């Protein structure tokens, strides 16, 4: 099986190169090889490679920048995704895509399920919803996995930012009234590999159905709780460099103004993923501990 992975240098893409290798030949494509900012170049790449699977891990992820650069976000997260999905259909392949909790408005009091109405509250979320719709409209075989609060030992993410600040500051003020499930990029990649193995068996048996599924860590917390766990995990590792921070202060969203509005509730239900694919991602606290150790080992 030949698997094309776009966004191969990103947090999830980097992990996919490892997790998908057990399923077949992985062809990782970095941005300079498959630039979603240039949708007109993408169909040729897929059609020339003729993969069995295309996994799109590339995205425009600058949430605040998207408020003033919405056109670029729509091209990368919307138009380009549709081009990739359509090209994958033409070569008879399966298209796998990632989306976000930000397609919801965050007003629900319980975890979101896949069929809840979408209502993005920022430009980034709107662009990701465009991508979801573009994939579905191709009529091909596809899977879209929505995830939340992605972190990794590499790249730009909340975990790495918190550790940098914790080394520099005695006090950090972190938002405590937004809730979600911090999800390790490695967990997403491993979950994708398991789901893909099942999906390919279903396709071979003529029993495959396309759909959207939520794929996040077990459990939930606030950004403040996430930051607290990151610092605690670092300090729990023998020999880890000392951190300057002594106080992590909870603050409301209103005390940390940013260009893009964030959903208050980003918790997604993973029950549909478990039911179809038998997948349960580890608890977010456990994943944070493993990721911190991974970072320290580099």
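Each residue, glycine too, has its Cβ placed from N, Cα and C.
Sequence-distant contacts of residue 124 (active site, proton donor/acceptor), defined by Cβ-Cβ distance under 8 angstroms and a gap of at least six in the same chain, are 60, 61, 62, 63, 66, 73, 77, 100, 102, 260. Under the heading active site, proton donor/acceptor, Swiss-Prot lists 124.
Annotation source Swiss-Prot lists NADH binding site at 10, 11, 12, 35, 36, 59, 60, 61, 124, 128. Cβ neighbour count for residue 35 (NADPH binding site) (all protein chains, 10 Å cutoff from its Cβ): 17.
Taken from Swiss-Prot, the feature NADPH binding site covers 11, 12, 35, 36, 59, 60, 61, 98, 124, 128, and the record attributes it to similarity to another entry.
The Cβ of residue 149 (dTDP-beta-L-rhamnose binding site) lies under 8 Å from the Cβ of 101, 158, 180, 181, 182, 183, 216, 226, 266, each on the same chain and at least six residues away in sequence. In the three-state DSSP classification, residue 149 (dTDP-beta-L-rhamnose binding site) falls within coil. According to Swiss-Prot, the dTDP-beta-L-rhamnose binding site annotation covers 100, 101, 149, on the basis of similarity to another entry.
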Residue 10 (NADH binding site) to residue 35 (NADPH binding site) - Cα separation in whole Å: 13
Integer Cα-Cα distance in angstrom, residue 11 (NADPH binding site) to residue 36 (NADH binding site): 16
Which of 11, 100, the listed binding-site residues, has fewest other Cβ atoms within 10 Å: 11
Euclidean distance between Cα atoms of residue 12 (NADH binding site) and residue 35 (NADPH binding site), Å: 16
